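Right, one structure below, let's go through it.
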Amino acid sequence: MAADESGGAVLDLNKARSVRSNPTDTLDASTSTQDEGRHEESGDVALMVDPLTVTGPGLMERVRGARRNRVLPAWLRSKPELLDGVGWLIGYAGHTSLYHALRLPWYTLRLAAQAPRGFARFVGGTMRWASDAEGEAMRQTTASLGNSAVGEYLKLSRQRDRRVRWRGAVVALSLLVGLPGALALWVLAPTWLLSTAVAAVTLALGAAGMSTDKPVVSRAVVATQVERLTSTIVERAMGALGIAEVNKALGKGGEGIRFPAPITRDGPGWRADVDLPYGVTVADILDRRERLASGLRRPLGCVWPEPVPDEHAGRMVLWVGDKALNKMDKPVWPLAKSGTTSLFKPVPFGTDQRGRRIDITLMYDNMLIGAMPGMGKTFALARPLLAAALDVTAEMLVYELKGTGDLDPIGESVAADYAKGAKDETYEAALDGIRYVYRELERRADVIGSLPKDKCPENKVTPELAANRSLGLHPLVLAIDECQDLFAHGEFGKEAGNLCTAIIKRGRALGIILLLATQRPDKESLPTAISANVGTRFCLRVMGQLENDMVLGTSMYRRGIQATSFTKADKGIGYLAGALDEPQITRGYYIDSVEAERICARARKARIQAGTLTGYAAGEEPERTKGGDTLLTDILAVVPAKEAKAWSETVAERLADLRPEVYDGWGAEQLTAALKPYRIESVQIGRRVEGKVVNRRGIVRADITATVAERDGKRDAG
Ligand SMILES: Nc1ncnc2c1ncn2[C@@H]1O[C@H](COP(=O)(O)OP(=O)(O)OP(=O)(O)O)[C@@H](O)[C@H]1O
């Protein structure tokens, strides 16, 4: 059947019957008539895309899932913020009081000088009041209107007479009481009362005689005018970004920009929660931070748009500080004057834009710091190192490959091993340190493995195990500043990279903490396996997306975490990832070398008392070959005693099989270079291959055994 010509639908009985027997079809049929265009054709069957009934979380679910606002405001929950606020209030009150106290004589003199004018004003004012002078103008106007306003004039006149009568009486009474009272005071009152009364009257008259354009009391503080952040200002700034979707939303008929929460004060600045128009992400805004700052008419360092964790990509928190972050007072490191640390607990690293403290926990973690030269890498590395110095149990190996001596206070006073300088000697020392830590890794794993389960239920170092000195599971901190110079080194780079990769992968549970700082975080200078396995990352200003993501982690740039947006003046300011749930803009505490020396002297004293000052800082000559035996003993392990000589390439292949994390990618040249420090030379070894003699460089096993024997003080190591 078909629809009739008038357009009325004729019921298809067969279809209707089948619909009755199949409720799903009913739904489809009803929707297709109700909501045309809101379904998708899938062959012949119309598919519903919008449900008929509203589904989703019920009332209880929504209520239970609702986010609760904090009972106490953030500034009341944060002790430093509260102390800061109270301190400011006391300072403000003190300054204002002192300012006015100093000027009090001058204020008094000026008021006294103005007293005659005040007296004249008082007398004039009283006379005008008693004679109802303020109504005079009205009465004049009514009188000028002539007969038409006679009634009105008479009414006003009567009112004036009434007023003058009782006001006159008040004045007369005041004079009658006041003058004899004043006379009595003059004659009878004690001097103090008289002088107080005269002073009070003079000052009151002086105040009455003051001209409004010349106030007697000057201002103790001049508030810097910071424009209040309002939705209009935010919209104005957003409209200036040149983003088509934003302009569409702000234009006529657009949905506008939404603010899911009121704009409030948040620390020393304003906070606006913004729902960006559909399709616009916080990363789009971050790309144009400079334009946003211009639109807000604020310096760039004041404007900090941020994505919101656990929210959609268009939810932005715009924090606009009263002062640029790099111009704010430098906060003092909380441990600068006193205190000790435990590396198992959080240690202070910096503050956020609002001045709230941000801590990092070093144990079970590693740290990577990356930045362009001169932005504050070494300072950033020094903070966790100083915190480690204040934990007397921590053994510290510090290598500063730049050579400026920025880490001297730490290295000289507390480090078990320390070397500095952009030279092969330092790189070699750093590699030795890495080898030592690698061997520690193996030893610690054995110790942990051999402990009874009840002592070590999670198979990792605990504060109790670390405190037991006989186990040797104390925190071990290995720090390398400008680590790119070591990892990219032709001779030592590969081994350093492989060992550090192993350390970073396995060291966390074993109490080993690796701290790396680099100004070239590309994959040639920092093995990707290392950067991929770091937990805490601090990225100061970098030039591009690649460096940003190498330091902070994959796709951070795309998510709007962009350390490229920092300027040259933002020294010590960076994104800290891994300390809180989400990356956070952090301004590191500033600790200069004088302060660092003071802290280290304190740490050294504590270590001497605890008996934990060892190695370099204790004046012991570092044993630079301490890690070398790994290579030699490994060679002995892969070249059996019956094989007197072996080609270097064969040995390298076998070493890579034995310990891929160390020797992967090694060839004959690498092996020869690695054996050089032991003065083991490669020799020409001829072998018959497919009937032909092939000559290649290789090693003589006896050379290795002799070196090992000499080192261990034995006659024969093989
Ligand atoms: N947290 C901070 N607050 C304020 N200023 C800082 C901070 N950290 C570093 N600076 C400033 O930045 C300057 C450079 O710091 P630092 O030497 O750590 O940089 P760097 O990145 O290690 O440099 P390079 O790449 O040359 O080694 C310091 O002299 C200091 O004045």
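Placement of Cβ uses the backbone N, Cα and C atoms for every residue, glycine included.
Of all the Cβ atoms in the protein chains shown, 9 others lie within 10 Å of the Cβ of P373 (ATP binding site). The ATP binding site annotation in TrEMBL covers A371, M372, P373, G374, M375, G376, K377, T378.
According to TrEMBL, the feature compositional bias 'Polar residues' maps to 19-34.
Residues or ranges marked as domain 'FtsK' in TrEMBL: 344-549. Residues belonging to the domain 'FtsK' (344-549) score a mean pLDDT of 90 in the model.
Per TrEMBL, region 'Disordered' is recorded for 1-43.
Per TrEMBL, transmembrane segment is recorded for 164-186.
The Cβ centroid of A371, M372, P373, G374, M375, G376, K377, T378 marks the ATP site; residues of that chain outside this set whose Cβ lies within 8 Å of it are Q519, L540, R541, K571, given in sequence order. DSSP assigns K377 (ATP binding site) to a helix. Same-chain residues lying 6+ beyond the ends of the transmembrane segment (164-186) with a Cβ under 8 Å from its Cβ atoms: 126, 129-132, 193-194, 197. A371 (ATP binding site) carries neither a helix nor a strand DSSP state and counts as coil. Note on the binding-site residues A371, M372, M375: the fewest other CB atoms within 10 A surround the CB of M372.
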